[in-house]
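Here is what TrEMBL says about this protein:
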- B:82: active site, nucleophile (ACT_SITE)
- B:191: active site (ACT_SITE)
- B:193: active site (ACT_SITE)
- B:6-207: domain 'Glutamine amidotransferase' (DOMAIN)
């Protein structure tokens with residue numbers, strides 16, 4: 001076997017700037033997205049994900065321009081998420097140079113949209129983003145629920161069942177974020193990651209909570225994720241992508257160097 | 001100015017491949033087209049594609065591109081990518097069985113499940129990400145290190161009848177053919193346009209290739 005586990009830096013883009021908040025508040029400015037994407041590509045990022053965090057409120061032109069600019073000089077897979085609600089949104093992003101789109105709330109409000117999108121553009125470009133929070137009490141069997149609106153709104157949907165449904169509807173990949181961990185630097189929710197990864201036959205990207213390089217390796221080894229996504233540890237130059245890969249390799253994980 | 005036609009039959013996003021070709025050689029004239037005249041007049045032809053084989057073959061038939069492709073594949077440097085490689089075999093088991101272009105005798109099969117890796121984790125389908133490519137000698141591998149990693153995303157893979165037609169292999173976890181070559185035709189399962197420096201090198205090699213093996 002020689003398929004490498006992937007490291008995917010995520011750029012949360014707000015009005016053309018990369019930002020990172022702790023559990024979606026307390027936003028810190030981290031720089032120019034095109035410049036940062038270029039640096040990650042040179043450091044060996046396996047893919048890059050852009051999350052348009054203002055997309056639900058403002059028009060999309062800013063992120064489209066960012067993707068266009070990055071796609072003309074960075075030749076690795078690019079994913080764009082945030083506010084993808086119509087087939088036209090997907091077409092716009094693919095035409096700008098994205099290879100995949102992340103669908104989040106729109107899938108919850110209208111699961112058929114995932115089916116239509118996969119039929120139209122192919123499963124390979126449809127990433128369903130799942131924001132999950134633990135709802136079981138200590139001592140109970142683990143249970144996670146889907147939340148929308150940046151983790152504020154519960155939906156009553158069981159996260160594991162939802163992931164299976166999204167796979168059946170044509171998702172090519174799952175981007176799984178633990179809303180309990182996002183921005184906390186305390187590591188992925190490994191039980192959640194493992195539960196979803198074992199439940200679906202498509203690749204799972206673990207997200208939410210990375211604070212050090214062991215967390216990345218844990219996501220692969222214990223969480224059984226196929227890829228790991230992190231934002232702030234790379235933006236603020238705490239670690240380079242290359243350091244992260246060398247560390248993962250030292251723990252027995254196959255990476256692209 | 002040398003021209004390269006990227007065949008546009010509605011299967012997937014051609015901007016990536018056009019941008020990568022342009023980046024690999026700024027002097028080349030890249031034309032995205034479904035027009036038989038444009039494709040036949042080009043110096044080189046790229047046949048990309050993502051999605052399902054049934055839609056692919058239906059689109060080629062609707063646009064009357066089947067004979068155009070067979071024709072240009074006779075003598076022009078020709079590069080098939082992903083679904084554009086699979087479509088060159090005799091048939092695919094996708095969508096209940098679809099007859100393809102038969103430029104390379106052989107079949108396209110789904111990855112058997114379940115698959116397991118060395119950590120005993122189940123392997124996911126699609127096979128998605130960066131995998132090693134073991135080359136056999138060919139001019140298009142020039143300046144690309146043996147076992148370099150390229151970016152893949154696919155659930156089906158080619159099994160050519162003739163081992164001679166296989167010009168590279170990868171493993172998931174069993175070895176499978178990930179590139180085909182015969183005369184002026186070269187085809188790859190991975191995405192050179194998304195495979196960073198090694199991918200751009202392959203595209204540059206293609207744009208300089210005269211079609212001789």
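Each Cβ is built from the backbone N, Cα and C atoms, and glycine gets one as well.
Other Cβ atoms within 10 Å of the Cβ of residue B:191 (active site) number 25 in total over all chains. A mean pLDDT of 94 is what the model gives for the domain 'Glutamine amidotransferase' (B:6-207).
Taken residue by residue with DSSP, residue B:193 (active site) is part of a helix. The number of other Cβ atoms within 10 Å of the Cβ belonging to residue B:193 (active site), over all protein chains shown, comes to 29.
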